[in-house]
Ligand SMILES: Nc1nc2c(ncn2[C@@H]2O[C@H](COP(=O)(O)OP(=O)(O)OP(=O)(O)O)[C@@H](O)[C@H]2O)c(=O)[nH]1
């Protein structure tokens with residue numbers, strides 16, 4: 001039997017979980033950031049348990065990387081689940097002021113509870129959490145309207161935790177919390193790998209690139225209106241047709257890279273991750 005597509009380096013997960021729980025202990029409000037291309041795969045199965053009864057504000061970032069009709073479909077689906085998702089583009093700043101207001105309102109709720117218990121109100125403390133690379137640092141910088149966190153900085157650099165004031169009622173931890181890997185779910189892990197939201201993990205690029213093409217094939221069949229027209233034709237001159245991911249990759253390698261499937265895989269993944277194939281959702285709301 002072949003090995004599972006995604007494997008993690010031992011030790012990292014326990015460390016990430018410990019660091020996250022330390023941060024969560026210090027806050028009242030949690031801004032949970034997911035990748036709008038994969039809102040389900042970027043949900044950690046233990047999040048509910050970790051957040052407990054703190055206020056949670058849901059953010060679907062990278063909204064520029066999905067089409068408006070997918071955004072609408074997710075908005076409606078999340079509402080049926082009793083959650084209001086905030087759609088943001090942390091690069092350009094869209095959706096940030098509404099998000100800041102929601103975070104403050106969540107803080108206000110928390111202070112109301114304090115007053116009800118006869119306690120004095122105090123600035124409410126919040127943290128931004130999410131999987132690697134979903135845009136947490138970019139979002140913090142936007143919320144604070146200045147650059148306090150290095151976007152795409154090197155992971156693993158430990159620093160003193162600092163609180164930064166967003167308003168009289170709300171303070172934000174300047175370092176985001178990183179969710180540990182989703183171990184048990186390989187299907188989710190492959191989507192995280194496709195989107196590069198997986199942090200340090202070992203995987204086979206060709207398998208992950210083939211899985212990307214298989215996802216496109218699946219969405220093309222289920223909901224073609226959610227994809228750009230002929231998403232691969234425009235860039236590679238080779239359309240998806242009815243090809244499986246594996247055979248698409250082999251043909252692309254043959255046509256453009258002298259049969260080098262690794263190069264074809266890297267090209268596909270890089271193009272997708274940079275948005276060069278267009279706005280493409282890899283998940284759609286369950287029906
Ligand atoms: N297109 C697009 N790119 C974004 C968006 N938000 C962040 N990015 C880019 O995505 C990359 C990762 O963003 P970061 O803010 O470093 O993500 P992070 O979650 O803090 O990443 P880690 O430090 O790895 O945990 C950067 O190159 C950002 O410029 C967005 O809304 N749209």
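Any Cβ shown, glycine's included, is placed from N, Cα and C.
The annotation GTP binding site is assigned in TrEMBL to 61, 62, 63, 64, 177. In sequence order, 89, 91, 92, 94, 275, 279 are the residues of the chain that are 6 or more apart from residue 64 (GTP binding site) and have a CB within less than 8 Å of its CB. DSSP gives residue 64 (GTP binding site) a helix state.
Taken from TrEMBL, the feature domain 'G' covers 126-191.
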Sequence-ordered binding-site residues from 61, 62, 64, 177 with Cβ under 6 Å of an atom of ligand 1: 61, 62, 64
Under 8 Å by Cβ from residue 63 (GTP binding site), same chain, sequence gap 6 or more: 36, 71, 87, 88, 89, 94, 95
Neighbour tally for residue 177 (GTP binding site), based on other Cβ positions within 10 Å of its Cβ: 23
Other C-beta atoms that fall within 10 angstroms of the C-beta of residue 61 (GTP binding site): 27
